[in-house]
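Below: one structure, written as structure tokens.
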Amino acid sequence: MFVAFGASAYLYCMNYIEVQLTLSPDYADILTAELAELGFESFVETDEGLNAYITEDAFLPDAVDELVARYASQTPITYLTQTLEKKNWNAEWEQNYEPIEVRTESGTSAEQSVRVRASFHEPDPSFTYDLLINPKMSFGTGHHETTHMMMQHQLGLDHAGKSVLDVGSGTGILAILAIKLGAADALAFDIEEWAVENAIENAALNGCADQVRVFQGTIAGVEANERFEIILANINRNVLLAEIPTYVTYLKPAGHLMVSGFYEFDAPDIVAKAAEAGLTVQTQLTRNGWASILFRQSI
């Protein structure tokens, strides 16, 4: 499995560090999430475990040592590192990036589908929606389980004429899909400058630049008087637990909050926090140990 968290012209001929981890397959997903928090950008599952890649200037050996030591008490785990020779990472990415296909659950009354592709892929008219996403170093191509489930939730939710907020937008994929699904407008934000630039570029690629506003910052940067029918937050457990009450203040009555970025075993904590904020569960999806939940504001 290849998980691309980012690739672009920014990655052309950059020095990269490859960390080769030998570990149980059961720990591959959680180590992927942990390493992503340390700035690792892409991952390849191997027969031995997991290879992770990070730019040389962002690599923190002590942080990796600490992470491995933390899990060594739970499972046998070792790792090696090597500096990779400079190469055209765009070509490497294109070789591994396959289009992603997302559909509503089979048997639904009006099955919807979306195909996420890069600009070098040919379109496929058999899908209801076509998304062009050229990631840089930002999360969100649909390859990861969390993004896939968020999109699956979106396909089953009425977006027509609604205002959408995309929290931690990465490539902008969820905000762009919202517009494709008929949303009137979307506000997206991310803490990383390059993610903001990437989301703006992807919105333009999909012909919705005028409907997707993007800014660099956090939820604190959203105007206090703004309200949304749909809020999308594909982040992580800790941020969600801290910020769900804030998200709810931006929801219109009977609005929906869609969240992911956490493991299935963390779902009860997320549900409890959401219930405290007046939200009820509409749908919960799981995929390879990850979870995503669609909430609705209680009336």
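Every residue, even glycine, has its Cβ placed from backbone N, Cα and C.
Taken from TrEMBL as is:
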BINDING   Thr147, Gly168, Asp190, Asn234  S-adenosyl-L-methionine binding site
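Residues listed for S-adenosyl-L-methionine, Thr147, Gly168, Asp190, Asn234, cover a largest CA to CA span of 15 Å. For Asn234 (S-adenosyl-L-methionine binding site), the Cβ neighbour count at a 10 Å cut-off comes to 26, with all displayed protein chains included.
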